[in-house]
Every structure is written in C-alpha cells, then in structure tokens.
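J.: The structure follows.
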Amino acid sequence: MKQQAKSRKPQQPEYIFQVETLSHEGRGIAHYGSHPDHPADKHGKKVFIRYALPGETVKAQITHEAKRLEEAEMVELLAEPSANRVEAVCPHYGICGGCSMQHIHPDEQIHLKQNVLQSHLQHFAGIQPEQWLEPIRSLQSDYRRRARIGVRYLPKQDRLILGFREHHSNRLTSIHTCSVLDKKLSDNLPELRNLLQSLKGKAHIGHVELAKGDHEISLLVRHIEKLNNADVNQLRQFALHKGWQLYLQPKDQSLRRIDEEQGAMRLHYALNAFDVNFAFSPLDFTQVNATVNEQMVQLACELLQLQQGERVLDLFCGLGNFSLPLARCVGAKGQVVGVEASEEMVQRATDNAKRNNLVQASFFSQDLTKDFSHHSWANQGFDALLIDPPRAGAYEIMQYVPNFGAKRIVYVSCNPATLARDAGVLVQHGYQLKKAAVMDMFTHTEHVESIALFEKIQEIND
C-alpha cells in the first residue's frame, strides 16, 4: 500500500525509515541506521516525521537539520498502515496548521495525551496520581464554538484569502470548511469570504472572529483603517440576514456593536447541570469546547466534594465558569471568592453571579503573579481551592497556598509541564496527588488539557 504526501519540497533528501514511537506532539520518531541507504555519519541520529505512526515503513523528506536531530515529513507510506491510522476528515488537513492529529485514531490521541501528562509528572515532580480517572472525551467534529480567522488581500490577483496559518508558517491558507468548527460557523465560511472580497476596504481587514453562544452567533471584524459607510452597511445587511451580532474592532482595540438596538452586547451559554447561565462578550475568554467544558466543571465539583456552607477560593476565575457552579454546590450559607487580573472580567463575573441570584459569590481583581497576601480575601481561610491558570501555570501562587488552609485543591491545566512543576511544590507543602485525568478539549491537536486533585495529608512547616 502506498500513500502519497500532501506536499514535496524540491532538492531535499528523502530516506526510508522504520517508525518506532510517537513524540509528545504526535510525530513519528525514527533513527538513522535502520535502512542501508542511510548516510553512515548519521547512524543513530533521531528523526521526527510528521504524519508517520509507530510500526510503519515510510519514505520521508528531510525538512530541517540540527546537530542532534532532524525533522522530516512523510511523503509515502511503503507498507501496511498502522492500526491507529485513520483517514483525515478535513480536506485542508496537512496544509492548514490548525490540526496535527487527524490521521491518528481518537483513542490513540487520548492515550498519547495521557502519556504526556504522566511523563511530565514523573520528570518534573517525581510523582504519579493514586488514580487515573477516565478521560473526558470530545466530539470528533463541529466542537469549536469560536475561532479567529486570518484575512489577507492579494491586490495583484484581486483575491482575498480567508483562512488559518499553514503549519509552522505565517502564510495563510484559504479554507472553505473547517471540520472541527461548529457547523453553523463552518458552513458560512464561503459566503463570508465572498462578502469580505466585495468590500472596498478589504485590504484593511486583519482578521475576523466568529463566536457562538447557545443561541447566538457573533461576527467581529478587525480593521486597521476605518471602513466606509457602504462597507459597514454591507456587513450590517449580512449580519441581519444571518441573525448574527456584528462587531467592529478598529486599530485602537475598542469594540463597537453595530445595531445595538437589536440587543445587548452579549452572547450566552448555560451549564444546565448547575442551572447557571453566563453572558459574555465576543472578546471574553471562554472554553472553545462546550461539551468538554460542561463535563470538566462537573468533574471539578465532584472532586472537591463540597458541602453546604463551605468556603471555596477560585483563582484565575475569568467570567465565573467554575465560580458559579461552585456557588451552587456550597449553597446560600457557603461562600465562593473568585479572583482574576482583568477588571473587565471581574465585572462580567459579578454580573453573571447577579443574573443567577448567587449572592454567595464575590469577585476581586488582582494580578496573581504579584504579592496579594495583604488583601482581605486572601486571609479568610478556605475549605477548598480551584486553580485554572494560563499556560504559564501558577508558580507564583504556590508560596501562598498553605495560608489558604484548603484541604482539597483542584488544578485545571492547559500545560502539563507547568502543572507538573507546580504539583511538585504542592507536594512539598504537604499535599498528595490523588487523582488526575486528561480532557480532550482540543481534539486532533497536540494540546493537553488536564485536571488534578490534591489533598492535604500532613502539616509541614513552610
């Protein structure tokens, strides 16, 4: 069986390799020396091969050479494919840089991500959870409810490109569909491209952002020069026809909704298991995968084992995605304190608590990378702690954790390396890693989302 690659760069050497294992980001790993045509001076050198899977024999073209390793791209599958190989569902896969694992069976994707988390915990902290929980799985398509899509006008060709960046490149590749984007968004991409192509100011548009709430869709157009009235009216008519909210964002980053009389500048989503509803702006951070998000919040609340009347601290709380469900769990006699750097997001969380009649939830603005020990909210004592930091993790916060007095900590992570680093500090503070799970928030990509439960097991003089 032979399988041709999607592209081939001229004047780059090609070799046959036996693929041995997968890297953390899903590339096949092979070594020089497994085939007679390999250069003798390269024997033993490691090669990372895009699209190749363990057990396969492939022809690969070298794309990058370094002293200790090389990178390559599979151009031909020379024997039987791996049992874990599947047909990619997207016609743009291999050119568009959005997905990197559509050729890998979903079960193997999750297995790989769990191995990544396990490896990082061992390497950085020397620990493993007492129990691995079942992974939280995603839909395999139509799961993304928001996307930023690049726009570039090519004047010599009078052609507008609407699409995503190519793999490891700043070049945009034109797309007419996206298999992981919500179908109500993906199906409108060709019509949206034609609309943007027709605008006089198309050369001044940098990107568009599509976002979907449970019942609304928004279109945000980012432009570096002011659009004329005719262009704005064309965008308005398109949005009215679709029933979408339309927003313009000029170079100064301000956000303006067109036709504000049509309703408030908000989208909405609900977490039905907790009877809470959230309002958010198109620029607010929200989890892109609604199905996984709801399962994640439910699992976090289950792991914390909250009782009525308990006190919970939610760090990096955003618009209250965890805070409001936590407030439901502790009841009217409990208290949830949410802390977030962005004052705008704190106001959004406060408004969301009010709209859900959750008076037991309060929110504070604080840069959590700076000393916050003098603030009153940090010295109240808590039964439980939830941390959902950005990719950089929560290392600066770890020194304050003993002062919170939390018996249980749930750490939600989008970076297994920083989770493992911070886990090592929590262990030093007398916590034990009890449970962990991976969450397939970004299926078909190498991004690893995870959740971990730590419990206090001993008192340590910090």
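Cβ coordinates come from backbone N, Cα and C, glycine included.
In case it helps, Swiss-Prot gives these features for our protein:
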- C414: active site, nucleophile (ACT_SITE)
- C90, C96, C99, C178: [4Fe-4S] cluster binding site (BINDING)
- Q287, F316, N321, E340, D367, D388: S-adenosyl-L-methionine binding site (BINDING)
- 6-76: domain 'TRAM' (DOMAIN)
J.: When you rank C90, C96, C99, C178, C414 by Cα distance to F316 (S-adenosyl-L-methionine binding site), which of the recorded positions ends up on top as the closest?
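T.: Nearest by Cα distance to F316 (S-adenosyl-L-methionine binding site): C414.
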J.: Any idea what the Cα distance is from Q287 (S-adenosyl-L-methionine binding site) over to C99 ([4Fe-4S] cluster binding site), rounded to a whole Å?
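T.: Computed Cα spacing between Q287 (S-adenosyl-L-methionine binding site) and C99 ([4Fe-4S] cluster binding site) is 17 Å.
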J.: Assuming the binding residues for S-adenosyl-L-methionine are exactly those in the record, Q287, F316, N321, E340, D367, D388, what is the maximum CA-CA distance in angstrom, rounded?
T.: 21
J.: Is any of the binding-site residues C90, C96, C99, C178 within 10 Å of D388 (S-adenosyl-L-methionine binding site) (Cα-Cα), and if so, which, in sequence order?
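T.: If one measures from the Cα of D388 (S-adenosyl-L-methionine binding site), no binding-site residues come within 10 Å, so the answer is none.
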J.: Taking the binding-site residues one at a time (C96, C178), which has its Cβ surrounded by the most other Cβ atoms within 10 Å?
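T.: Per the Cβ count, the most surrounded site is C178.
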J.: Whole-number answer please: how many Å between the C-alpha atoms of C96 ([4Fe-4S] cluster binding site) and E340 (S-adenosyl-L-methionine binding site)?
T.: 34
J.: A 10 Å Cβ contact count, applied to the binding-site residues Q287, N321: which residue has the minimum?
T.: Q287
J.: Just to be sure I understand the packing, how many Cβ atoms besides its own are within 10 Å of the Cβ of D388 (S-adenosyl-L-methionine binding site)?
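T.: I count 21 other Cβ atoms within 10 Å of it.
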J.: If you count other Cβ atoms within 10 Å of each one's Cβ, which of the recorded positions C90, C99, C414 has the most?
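T.: Selected residue: C99.
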J.: Can you grab the distance from E340 (S-adenosyl-L-methionine binding site) over to the residue listed as 'active site, nucleophile'? Cα atoms, rounded to a whole Å.
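T.: Between the Cα atoms of E340 (S-adenosyl-L-methionine binding site) and the residue listed as 'active site, nucleophile', the distance comes to 17 Å.
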J.: Give the sequence-ordered set of same-chain residues, not counting C90, C96, C99, C178, with Cβ within 8 Å of the centre of the Cβ atoms defining the [4Fe-4S] cluster site.
T.: H92, Y93, G98, Q102, F164, I175, S179, V180, H444
J.: For the domain 'TRAM' (6-76), what are the DSSP-based totals of helix, strand and coil residues?
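T.: Its residues fall into 3 helix, 33 strand, 35 coil.
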J.: Indicate the candidate from E340, D367 with the smallest number of other Cβ atoms within 10 Å of its Cβ, considering only these binding-site residues.
T.: D367
